[in-house]
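A.B. asks: Okay, handing you the structure first.
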Amino acid sequence: MNPVNYLYLAAVLFTIGATGVLIRRNAIVLFMCIELMLNACNLAFVAFSRMHGNLDGQIIAFFTMVVAAAEVVVGLAIIVSLFRTRHSASVDDASLMKL
Amino acid sequence: MTAQLAAYTTSTGEAVQFWILGTIAVIGALCTVFLKKAVHAALSLAGTMIVLAVFYLANGAYFLGIVQIVVYTGAIMMLFLFVVMLVGVTAADSLKETIKGQRWLAALCGLGFGVLLLAGIANASLKDFAGTGRANANGNVAGLASVIFTKYVYAFELTGALLITAAVGAMVLTHRERTERARTQRELSERRVREGTYVPPLPAPGVYARHNAVDIAGLLPDGTPSELTVNRTLRERGQIRDVSAEALSDLKALERRAAERLERPQIPATFKRTEEASQ
Amino acid sequence: MENLIALLIAAPLLGAAVLLVGGRRLDAVGHWLGTLLAAVSFVIGLVLFAGLLGRGADDRTVTQHLFSWIPVAGFQADVTFRLDQLSMTFVLLITGVGSLIHLYSVGYMEHDERRRRFFGYLNLFLAAMLLLVLADNYLLLYVGWEGVGLASYLLIGFWQHKPSAATAAKKAFLVNRVGDVGLSIAIMLMFTTFGTFAFGPVLDQVGDTSEGRLTAIGLMLLLAACGKSAQVPLQSWLGDAMEGPTPVSALIHAATMVTAGVYLIVRSGALFDAAPDAQLAVTVVGAVTLLFGAIVGCAKDDIKKALAGSTMSQIGYMVLAAGLGPIGYAFAIMHLVTHGFFKAGLFLGAGSVMHGMNDEVDMRAYGGLRKYMPVTFVTFGLGYLAIIGFPGLSGFFSKDKIIEAAFAKGGTEGWILGGAALLGAAITAFYMTRVMLMTFFGEERWRHRTTPEGTPHPHESPKVMTIPMIVLAVGSVFGGAFFSVGDRFLHWLEPVTGHSEGHPPVGAATVTAATLVCLVIGVAVAWAQYGRKPVPAVAPRGSLLTRAARRDLLQDDFNHVVLVRGGEHLTRSLVYVDHHLVDGAVGGTAAAMGGLSARLRRVQNGFARSYAVSMFGGAALLIAATLLMRAV
């Protein structure tokens with residue numbers, strides 16, 4: 001097997017995550033889809049790390065994880081306060097525009 | 001097996017593992033997107049992440065593989081679950097699309113993006129795999145540490161600052177300052193009496209000693225569920241389970257059977273459910 | 001002495017400024033101040049004249065450079081004044097006659113509460129006209145030209161409370177604008193042709209320029225002259241301009257305004273000499289106008305309008321002479337000066353008559369006035385004799401010369417032009433005799449007329465009015481003889497206009513005799529019609545020609561049908577085009593943009609996921625672009 005397959009898998013996961021962001025309305029699920037995309041990227045980085053024979057890719061994946069953790073903390077805090085005021089976790093409800 | 005071939009092929013064991021776990025990862029991802037309930041989606045995502053952790057290990061990223069399991073699956077995904085519980089574990093997300101054409105556009109973009117990305121990878125000349133053997137010569141963790149604390153030390157420090165900021169931010173976002181003294185129970189009951197609102201203790205949930213879950217509303221004498229019996233948080237989430245119809249049909253069946261056994265005409269219902277009467 | 005030239009203009013300009021800005025404080029002395037400044041200007045003119053006489057004949061062109069007006073690369077316009085024999089003649093005429101008219105107005109406008117303003121306008125008129133004749137280039141001349149137009153507008157419409165006066169002022173202004181367009185085009189053509197518009201360089205370069213260009217410039221100048229001098233086809237404003245106070249009419253007809261056209265043509269003489277077609281057009285316009293004005297003058301019962309027709313006719317003589325080239329320039333100016341005297345006298349006389357007749361202007365309501373206003377009668381009579389060309393009086397000399405010069409043009413043209421001039425002389429004699437007879441002789445018809453102020457009590461005007469009339473009458477009597485003795489005037493002007501002796505196909509004596517015969521015939525016919533028979537109090541219906549002449553030979557009707565009606569149709573179609581085509585295009589564009597925006601607005605629906613789709617699609621496109629670039 002060619003290790004490039006990891007990249008294909010990462011691409012597929014990334015696309016699935018992105019599509020999920022587009023079609024789900026629940027902010028929590030939406031967040032999960034974003035996490036999925038980040039993980040797909042991490043997989044790609046790890047595969048690149050193997051490809052180039054150095055650890056830089058793994059470092060980047062590590063940083064991504066840290067940033068994702070920070071992002072999740074803030075994002076979930078936002079969702080909770082949004083839920084408190086609106087009693088809904090739907091991202092569509094945040095739209096107050098007339099159509 | 002020549003050296004060149006070794007550069008871009010892996011062992012058969014890894015191939016088998018890839019194809020099995022890769023399928024599971026894709027299925028988990030699809031479930032994350034398409035399952036109605038957030039808690040199911042979270043669990044599916046956790047599964048995918050564990051699979052990815054295995055792949056990290058297979059790629060020589062031992063540290064990351066463990067971190068993936070401990071931090072990602074163990075901490076972050078549990079944080080997700082925590083919030084899901086807070087928001088309402090059973091609250092099913094309606095999958096019905098409200099924005100016109102959004103789903104078609106999303107599908108089209110997703111398909112196009114995926115195809116293009118795959119084509120891009122296929123197009124790139126990724127023949128040469130160095131492998132992580134040399135980089136991991138002193139152990140993966142030691143190798144990572146030597147890079148992080150030399151080459152990436154500033155970025156590392158910055159991520160520390162980022163994490164602190166995020167923690168403070170989360171606290172700021174969720175913290176609500178209490179601007180007035182909390183009322184005592186005595187004051188609350190006095191206010192209820194003064195305002196003439198519901199004075200006695202709230203009725204308990206549950207029906208006929210058959211259902212005593214907190215999310216099942218108690219029934220009024222006419223058979224309608226009383227929302228007063230259910231906790232306000234559940235009410236607001238819309239997580240009341242209405243068993244009144246079931247209870248009423250049970251009651252009706254019981255009466256019919258009783259009438260059949262006693263061979264007497266069925267008693268006309270002297271009272272009806274309020275909804276029926278009003279119809 | 002050249003430093004005095006600017007003062008010529010400055011004096012009346014100062015008067016206008018002070019009088020118009022000064023306000024009511026000056027009401028008591030304003031008229032005397034205006035008159036004084038006009039007189040100051042005249043005195044300066046006399047000093048300059050004496051200075052010029054002290055120089056040699058070829059050294060009499062004095063210029064004063066005041067300041068550089070528009071100094072742009074390739075475009076140089078200076079405020080420079082040029083005083084030569086031609087300008088000097090005009091300056092003396094304008095300031096002299098103008099001062100007399102100022103003096104007369106003191107009496108005439110005595111009861112008008114806006115007299116101060118009137119004098120301000122009169123001073124402005126003088127200043128503008130002086131600027132016009134003293135300018136050293138066509139652009140500065142244009143400033144004066146427009147100033148004259150403005151002042152005439154203000155004065156003709158001075159009694160603006162009368163709708164007819166307001167309309168007449170507007171008409172004069174508009175018709176003058178047509179001529180002004182001609183002048184501005186001529187100036188532009190000059191600039192593109194010669195690169196300058198100073199008189200000297202322009203007229204010097206005439207020889208090196210194509211005749212077509214010169215003809216175009218000449219025709220445009222002619223158009224300008226037609227507008228200012230009330231020549232056919234732009235003469236229609238002159239009759240209506242009688243709505244202004246009588247001194248204004250006198251000023252317009254004698255000293256300023258209408259003479260500007262003649263000045264322009266004579267000043268541009270070298271240019272016209274090189275463009276025979278334009279020159280021919282000038283003579284034709286002059287000939288047509290002199291007959292046109294004369295015929296109109298015959299039919300008018302309004303004394304001022306009859307005189308207006310006469311002015312038109314006399315200016316026609318001048319334009320005809322100016323069109324004849326060097327054989328006529330001097331005579332055109334000479335006739336202009338003598339005409340200035342007698343026409344001013346006639347108008348002031350007419351004003352005096354009106355003054356004594358409760359502002360009645362209908363000659364059929366006059367009659368036998370000679371007993372009641374003897375001074376007016378005598379001065380008016382002398383002016384009358386002068387204008388019909390009674391031998392020995394000023395009109396005789398100047399008009400006779402013009403008729404001679406017309407015949408001297410030679411060929412068929414000469415005969416036609418000369419014939420027209422002769423016929424005009426006869427008609428002039430007729431209508432002026434008619435005016436004279438109807439006003440001062442015959443039955444006292446005014447006794448049967450009642451005006452709003454009762455039956456008029458004819459009386460002589462005060463001295464302040466009669467003195468200018470007497471002075472002008474003296475000029476009317478002796479001016480021509482003074483100028484003609486030893487061809488004084490001719491020699492005076494010759495360095496500027498040049499002169500060439502014409503060779504009339506018939507002798508000068510014959511022409512003079514024919515003129516006299518025409519004169520006698522005209523007077524006799526008028527006597528037969530208005531002297532022997534009583535004048536009907538109501539105008540008879542008259543022949544077709546009379547009726548047409550009463551309506552200014554249908555000039556206004558022609559203008560209305562051809563220009564106004566055509567203009568209305570043009571405007572209407574333009575409005576239609578504007579509404580449907582222009583507005584449609586603009587409105588359509590706006591509506592299209594609006595519709596497009598309304599549709600595009602839907603993209604901004606406020607849903608974060610919608611925006612995410614756009615981002616995602618954009619990312620997909622970026623990948624596609626990258627791949628394409630790699631493939632290429």
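In case you wondered, yes, glycine gets a Cβ from its N, Cα and C as well.
Unlike curated entries, TrEMBL annotations are predicted automatically.
Sharing the features that TrEMBL gives for it:
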type     : residues  : note
DOMAIN   : C:69-119  : domain 'NADH-Ubiquinone oxidoreductase (complex I) chain 5 N-terminal'
DOMAIN   : C:135-417 : domain 'NADH:quinone oxidoreductase/Mrp antiporter transmembrane'
TRANSMEM : C:32-54   : transmembrane segment
TRANSMEM : C:89-106  : transmembrane segment
TRANSMEM : C:118-135 : transmembrane segment
TRANSMEM : C:181-202 : transmembrane segment
TRANSMEM : C:214-234 : transmembrane segment
TRANSMEM : C:246-266 : transmembrane segment
TRANSMEM : C:278-299 : transmembrane segment
TRANSMEM : C:372-394 : transmembrane segment
TRANSMEM : C:414-437 : transmembrane segment
TRANSMEM : C:467-486 : transmembrane segment
TRANSMEM : C:506-528 : transmembrane segment
TRANSMEM : C:611-629 : transmembrane segment
A.B. asks: With the transmembrane segment (C:89-106) as the reference, find which of C:214-234, C:246-266, C:611-629 contributes the most Cβ pairs under 8 Å.
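C.D. replies: Stretch with the highest Cβ contact count: C:246-266.
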A.B. asks: Could you give the mean pLDDT over the domain 'NADH-Ubiquinone oxidoreductase (complex I) chain 5 N-terminal' (C:69-119), rounded to a whole number?
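C.D. replies: Mean pLDDT for the domain 'NADH-Ubiquinone oxidoreductase (complex I) chain 5 N-terminal' (C:69-119): 89.
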A.B. asks: Mark yes when the transmembrane segment (C:372-394) and the transmembrane segment (C:414-437) have three or more Cβ pairs under 8 Å (sequence separation 6 or more) and no when they do not.
C.D. replies: yes
A.B. asks: What residues elsewhere in the chain lie close to the transmembrane segment (C:32-54), defined as a C-beta under 8 angstroms and at least 6 residues from its ends?
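C.D. replies: Those are 1, 4-5, 7-9, 11-12, 14-15, 18-19, 26, 60, 62, 83, 85, 88, 91-92, 95-96, 98-99, 102-103, 105-106, 119-120, 122-123, 126, 130, in sequence order.
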A.B. asks: With helix taken as DSSP H, G or I, strand as E or B and everything else coil, how many residues of the domain 'NADH-Ubiquinone oxidoreductase (complex I) chain 5 N-terminal' (C:69-119) land in each class?
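C.D. replies: Secondary-structure composition of the domain 'NADH-Ubiquinone oxidoreductase (complex I) chain 5 N-terminal' (C:69-119): 29 helix, 13 strand, 9 coil.
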A.B. asks: Is the count of Cβ pairs under 8 Å between the transmembrane segment (C:246-266) and the transmembrane segment (C:118-135), pairs 6 or more apart in sequence, 3 or more?
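C.D. replies: In contact, yes.
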A.B. asks: Spell out yes or no: are there three or more C-beta pairs under 8 angstroms between the transmembrane segment (C:506-528) and the transmembrane segment (C:372-394), with each pair 6 or more apart in sequence?
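C.D. replies: Per Cβ check, the transmembrane segment (C:506-528) touches the transmembrane segment (C:372-394).
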A.B. asks: Taking residues 6+ outside the transmembrane segment (C:181-202), which of them lie with a CB under 8 Å of any CB in it?
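C.D. replies: Counting only partners 6 or more residues beyond its ends, the transmembrane segment (C:181-202) has Cβ contacts under 8 Å with 74-78, 80, 82, 136-139, 142, 145, 209, 213, 216-217, 219-224, 226-227, 264, 267, 271.
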A.B. asks: Taking residues 6+ outside the transmembrane segment (C:467-486), which of them lie with a CB under 8 Å of any CB in it?
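C.D. replies: Same-chain contacts beyond the flanks: 97, 100-101, 103-104, 334, 337-338, 341-342, 344-345, 348-349, 352, 375-376, 378-380, 382-383, 385-386, 392-398, 401.
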